[in-house]
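*Asks:* For reference, the structure I am asking about is given below.
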Amino acid sequence: MNIFEELKARGLVFQTTDEQALVKALTEGQVSYYTGYDPTADSLHLGHLVAILTSRRLQLAGHKPYALVGGATGLIGDPSFKDAERSLQTKETVLEWSDKIKGQLSTFLDFENGDNKAELVNNYDWFSQISFIDFLRDVGKYFTVNYMMSKDSVKKRIETGISYTEFAYQIMQGYDFYELNDKHNVTLQIGGSDQWGNMTAGTELLRKKADKTGHVMTVPLITDSTGKKFGKSEGNAVWLDADKTSPYEMYQFWLNVMDDDAVRFLKIFTFLFLDEIAEIETQFNAARHERLAQKTLAREVVTLVHGEEAYKQALNITEQLFAGNIKNLSANELKQGLSNVPNYHVQSEDSLNLVDMLVTAGISPSKRQAREDVQNGAIYINGDRVQDLDYQLSNDDKIDDQLTVIRRGKKKYAVLTY
């Protein structure tokens, strides 16, 4: 199985400009290719991971990746299938975000070894050297307005309005391809399927300006089995930055993937061999309640993104919380595992009587209910049941001198911080 056949088998090929020619190029020698990442935030997220891992698969097959950080295009904003104009960021912010994204990409691509080691480029380096007049003369003249208006990504915005700034974005992305081809002999661009219009602007410019053929391959935008856009948890992006989405939260995200998606995602997001995945699928279908596919997915992706120690910690947090063993976890581990539960910062004037604190922290709705909860054995401090109405919270209840975990019943948690 050649690399293109493997990508297809994993569900990673959505569209290509000329499949036969691309397969020929990939099987006959080393291909230099690029994927672009606009710094629209200070971290990449799971939505980017499909293209990143596809790039890594091609590198493992001997081809040479260029990771383009859009320091210039990030200042403009990509209109592709967006309902409204993006807010423009300052140059300083985009530069800072660009540096962070560069660091994240080095986790996945090999920038150090072999003749196909990855290269980092930033399109601000060339766009900052081009005057507006030169850009119109040397690039703009190759694009008709009719051609630009025909792009689906632009059509969607015509009714609501699109600025010239965003309208020109596709020409800038097209010029990226031309520049990388001219300087580095890059002949293939990889990106999400929503980028097709912008990406083919590059092949058009290559053909008209340099009389060369470039290839485009898009990866699918991943949705779950209900059609919902993938990569968000409770409406929020799942970030690759551990400070924005902890390894535990990422672990839980994968653990909760629906059965109908789990095996497909193993093909897309892991480097397990396809025959290994087929074996996992057989075991998974025989006992879905054991969630083997989801557990494997969580292990592989968290290890890939954050390392084996982070995976082991996420697994330990999961197991200890499930068992109610609060005291077996550090304060930092509890902050990860209980990041979504109510948090109350204890004030110096607060009563430390347990009944009072249950009401103050919003755990019980009233003192009467709080007393009943304590007497009925429904209240736990750091996993231990407390039934003393006169119980006073003390330093002994602080884990690592930072927090106390209170549970009401089986599932209602609250964290007291000091």
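The backbone N, Cα and C atoms fix where each Cβ goes, glycine too.
What Swiss-Prot records for this protein is below:
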BINDING   Tyr34, Tyr169, Gln173  L-tyrosine binding site
BINDING   Lys232  ATP binding site
DOMAIN    352-418  domain 'S4 RNA-binding'
MOTIF     39-48  motif ''HIGH' region'
MOTIF     229-233  motif ''KMSKS' region'
*Asks:* Quick one: largest C-alpha distance among Tyr34, Tyr169, Gln173, binding L-tyrosine per the record, in angstrom?
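*Replies:* Comparing all Cα pairs, the maximum is 18 Å.
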*Asks:* Near Tyr169 (L-tyrosine binding site), how many other Cβ atoms are within 10 Å of its Cβ?
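*Replies:* Total other Cβ atoms inside 10 Å, all chains included: 26.
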*Asks:* What mean pLDDT score does the motif ''HIGH' region' (39-48) have in the model?
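*Replies:* A mean pLDDT of 88 is what the model gives the motif ''HIGH' region' (39-48).
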*Asks:* If H, G and I count as helix, E and B as strand, and all else as coil, what does DSSP give for Tyr34 (L-tyrosine binding site)?
*Replies:* strand
*Asks:* Counting each residue once, how many in the motif ''HIGH' region' (39-48) are helix, strand and coil under DSSP?
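*Replies:* Counting residues by DSSP class gives 3 helix, 1 strand, 6 coil.
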*Asks:* Count the residues of the domain 'S4 RNA-binding' (352-418) that DSSP assigns to helix (H, G, I), to strand (E, B) and to coil, and report the three numbers in that order.
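*Replies:* Split into helix, strand and coil, the domain 'S4 RNA-binding' (352-418) gives 19 helix, 20 strand, 28 coil.
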*Asks:* List the same-chain residues at least 6 positions away in sequence whose Cβ sits under 8 Å from the Cβ of Tyr34 (L-tyrosine binding site), in sequence order, or say none.
*Replies:* Pro65, Tyr66, Ala67, Leu68, Val121, Asp176, Phe177, Leu180, Val186, Leu188, Gln189, Ile190
*Asks:* With every protein chain in view, what's the tally of Cβ atoms within 10 Å of the Cβ of Gln173 (L-tyrosine binding site), excluding that atom itself?
*Replies:* 28
